[in-house]
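According to TrEMBL, the protein has these features:
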- 112-178: domain 'Chitin-binding type-2' (DOMAIN)
- C235-C247: disulfide bond (DISULFID)
- C242-C260: disulfide bond (DISULFID)
- C254-C269: disulfide bond (DISULFID)
Amino acid sequence: MNVLLTPGLVVAIRSRHTPMLLEESSFTQKKRLWKVLLLGYSPDVRNGEDNKVLGFRLALWAWQEPEPKPPRQWQIREDKTDVVAFIPNAFATSVRHKRQDDDGEAEEQSVDELCDKRPPDEYFRLSTEGDCRDVVRCDQAGENGVTRLASVRCPNGLAFDIDRQTCDWRTNVKNCDRVESKCTKSGIKQITCPSGLSFDVDKQTCDWKGKVNNCDRLEKPRKIMPILKTDEPVCPEGKLSCGNGECIEKELFCNDKPDCKDESDENACTVETDPNRAPDCDPTQCVLPDCFCSADGTRIPGAVEPNQVPQMITITFNGAVNVDNIDLYEDIFNGQRQNPNGCQIRGTFFASHKYTNYSAVQDLHRRGHEIGVFSLTHKDDPLYWTQGSYDDWLAEMAGGRLIIERFANITDGSIIGMRAPYLRVGGNKQFEMMADQFFVYDASITAPLGRVPIWPYTLYFRMPHKCNGNAHNCPSRSHPVWEMVMNELDRRDDPSFDESLPGCHMVDSCSNIQTGDQFARLLRHNFNRHFNTNRAPLGLHFHASWLKSKKEFREELIKFVEEMLDRNDVYFVTMLQVIQWMQNPTELTALRDFQEWKEKCDVKGQPYCSLPNACPLTTRELPGETLRLFTCMECPNNYPWILDPTGDGFSAKK
């Protein structure tokens, strides 16, 4: 049996004879690879019933040449097998699909026609035939911006409710005769929270009923916006219009103090809309070593050729350093693993205060690792960070640094970086504090997953990517601070085949990574994404508890590190070492003598103390708690906290 595979074609074959012949299809599209997966399966294998998979796979690649070639043939020896061959990118814009309307009549439509004015999170049917389990949505995250249809199938026994946009028991779904919701195309969509939850109109998400305090409101308050763009000037030069037509000085917009009577001057303050925002990148003004920017963030510093750029990998950890994770750090950074320049591999540790063993932090610093600040209190209220004042950020980060320096005895001024808890960036206030307190870099902003990763940049000029991540409170103004941007990781198990998925910033936020093999593929695929493009630093960011949750995760990370160190073009470095290279871009051939990386090459001395003081302490700020502070230094009077970071006690008011 010969089968010709073409774009858009889904072929189901029942083989009763062997051998069965499959021809590779020849496509005329240039510079486009269409991968075909052939998968032996019995019913419901696509729903994940792996026990029924017959287990053979064959990857066929279409040619890139503009002219078709004679087909090649493969022989598959498998009897009585259901075989499905399908092309993931087949739902591309050039393909037309027969689609029923709600009256049952079929018409051919392209993906662009199907997706015109349709929100990307709306699911709809291509047909009312079948068991009501299959729906699609418009996916615009494909390569080169091509829109395609991503398919979803409800589990056995369930059907997709078009109105409620969710799977439900088959008997509960009354709209299997409709291909789409009557209201979603017009922009209205009904969402029902699961039992026990309520919808928070401010957060725009379902939450526990006890946490939702706005059930008496119908909608999120709508803010009055200023009138910033008009065909003709409506205000004198140097002034802008409030939402009510009042004109005020441009400098008064987005200064955290309402100056318009309708307060609209504080309602358009994003990276894109702030009237006093940082200018777009100007390479003639922004020059190394003090400033670095590029239009899209992908330019290599110093115009070094990609094959002469070291692939830097930063391994970072967030949270307390203590007996729960010290063994993990010693396992990864065991002193035996060296970069190609002969120096030991290094990591960066963003330390929070509570439960941290400062004698362990002191020893990490002695061994050449970088210590950063992850806050003093690590409060679990996200709005505390997103809406934090200048003084809040000052107390949390400068106070946290003061505690580390004092009780880990770090006196060389090397604590120059910070990361916001929950990656809740604090907007301009956070970065104003950082500049005033001589923090060199922040490592909290994430860049959305893209084809080419982004290099770190300074914030003198506008950030080169969309404000991604939690709460979207990125700095809009100009700041003399480096941003060690967190490029999202591509977490697809098979990137050449799987549907596009949102990236993940922390490795442990890649929720689909459940096994060591999946983790290994994640590491190598993302390494290749960076190495084969612009070699932007690859950030592997962890909470130690995730690596310790499964022994295979730790083993795979160590295996990956050792595999990379067998090369001569990969370096495991700290955040500061990345900045040092960017300020003085040096080609691979000269990197063995790069002095900035040689400063802490050799580990000298012994741990400061073998038995730290275990100081049992209290503070008025945490009534009823007795906390142990482990330090090689002298015990303070009180447990250091937000109002008393030295632990010396509160100043008496006169």
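Each residue, glycine too, has its Cβ placed from N, Cα and C.
Feature map: TrEMBL annotations on the structure.
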residue: C235; record: disulfide bond; Cβ contacts under 8 Å, 6 or more apart: S241, C247
residue: C242; record: disulfide bond; Cβ contacts under 8 Å, 6 or more apart: P226, I227, I248, C260, K261, D262, S264, D265
residue: C254; record: disulfide bond; Cβ contacts under 8 Å, 6 or more apart: D265, E266, A268, C269, D274, P275, N276, N428, S476
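Between the disulfide-bonded residues C247, C260, the minimum number of other C-beta atoms within 10 Å of a residue's C-beta occurs at C247. Around the Cβ of C269 (disulfide bond), the number of neighbouring Cβ atoms within 10 Å comes to 21. Across the domain 'Chitin-binding type-2' (112-178), the prediction's mean pLDDT works out to 82.
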